[in-house]
């Protein structure tokens, strides 16, 4: 029996002798074969899009309209619902057909990508430089590399504008802050003021500041996409039309592995930011679909017990808790009236069900006594019992279930997965950056392939 280990089946130009990389080094064998590397990337895109389509249809098939999305372990339908597809007032799903269409479109796209990937991996030209010079490249050709960078930036900018167009012209997006409990609406009055948009970038990442993660209205989010899309498109045109300056030519390493390390570093940053965004932000990730944030569940519990004990006759304005601080209400470091108890650390929380009860100095005691609506009680009781805690040690006072409840919030899944992937990508960034710098300095040739242990082992056959 022949295997890829003994080389006879390895395709020309992709074996260990030609490339210096064994089969398990993956795309490293294709560093200088632009046509085959194209095939690998297109096939990979096909796998990604196939997963998206198949998982999308799987979630549609299992979806129960009577239960909230976050109780059903869904991670794709909440994204479609946030874009305004298939939902109505209060985030209620009124039509699952758009979700079905999304899944089918992704499956069809994946078939096209899969065909293209297989074609370029097996049948297409090994290198593109001769037949298709526009698509060909040499890794150390700085001008070509920045042109490719520019094309990528333009595509990213167009992607940002897709969200803008959806929000402005194609039915709008879901706004958790819409009056009456959230609804799909067109975003008409965009925030384009640079002081507001770029002010987010200058905020502290801590506490009540929260950097860009603190954004809490859709006008700012869509306006930010206008700015970002414009910057990406203009930057892309700039990189296509210009050559790298001398300082950039000197400062950067210009090799395939260096570009890989830059990309992994960028994706790592994206992963960490996405982790914080999905964990803390209930505007871009509405609680109706993703479940409450951790702070939101904690504040919801404090609110629920305030409502209960107030009905039982407690004076919530003056009752003292076991620490001598207010049991239900207390003051924040800056003087606002906030919920007391362990949830005090989450006094920054803003949520659509709570804001109507605030006055100019924090929570308004007269509103808490007279204006609490049944929908606010229902919402907070629901959120209190669906905290995204998993097995965190510090739960902000939320009563935790140990045996009975089988519930993991999509926020937990999405935040954890993006943190872990962000960390792994960061390690990959360090690894490939180190190798690329060493290779550029001329003292790193990789592992000595002549004395690898595997070469002295008995062949598998």
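FYI, residue positions are counted from 1 along the chain as it appears here.
Using N, Cα and C of the backbone, Cβ positions are placed for all residues, glycine too.
In Swiss-Prot this protein carries:
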| type | residues | note |
| --- | --- | --- |
| BINDING | 355 | [CaMn4O5] cluster binding site |
| MOD_RES | 3 | N-acetylthreonine |
| MOD_RES | 3 | phosphothreonine |
| TRANSMEM | 57-81 | transmembrane segment |
| TRANSMEM | 122-143 | transmembrane segment |
| TRANSMEM | 166-188 | transmembrane segment |
| TRANSMEM | 243-263 | transmembrane segment |
| TRANSMEM | 279-300 | transmembrane segment |
| TRANSMEM | 435-459 | transmembrane segment |
Using a Cβ cut-off under 8 Å, which residues of the same chain at least 6 positions beyond either end of the transmembrane segment (57-81) come close to it?
87, 91, 93, 96, 98-100, 102-104, 107, 174, 285, 288-291, 382, 386, 407-411, 413-414
Please give the sequence-distant neighbours of the transmembrane segment (122-143): residues at least 6 beyond its ends with Cβ less than 8 Å from one of its Cβ atoms.
13, 31-36, 38-39, 243-244, 249, 254-256, 259
What is the Cβ neighbour count of residue 355 ([CaMn4O5] cluster binding site) at a 10 Å cut-off, with all protein chains included?
11
Positions on the same chain near the transmembrane segment (243-263), where near means CB under 8 A and six or more residues out:
31, 139-140, 142-143, 145-146, 428-433, 435-437, 439-440
Determine, from DSSP, whether residue 355 ([CaMn4O5] cluster binding site) sits in helix, strand or coil.
helix
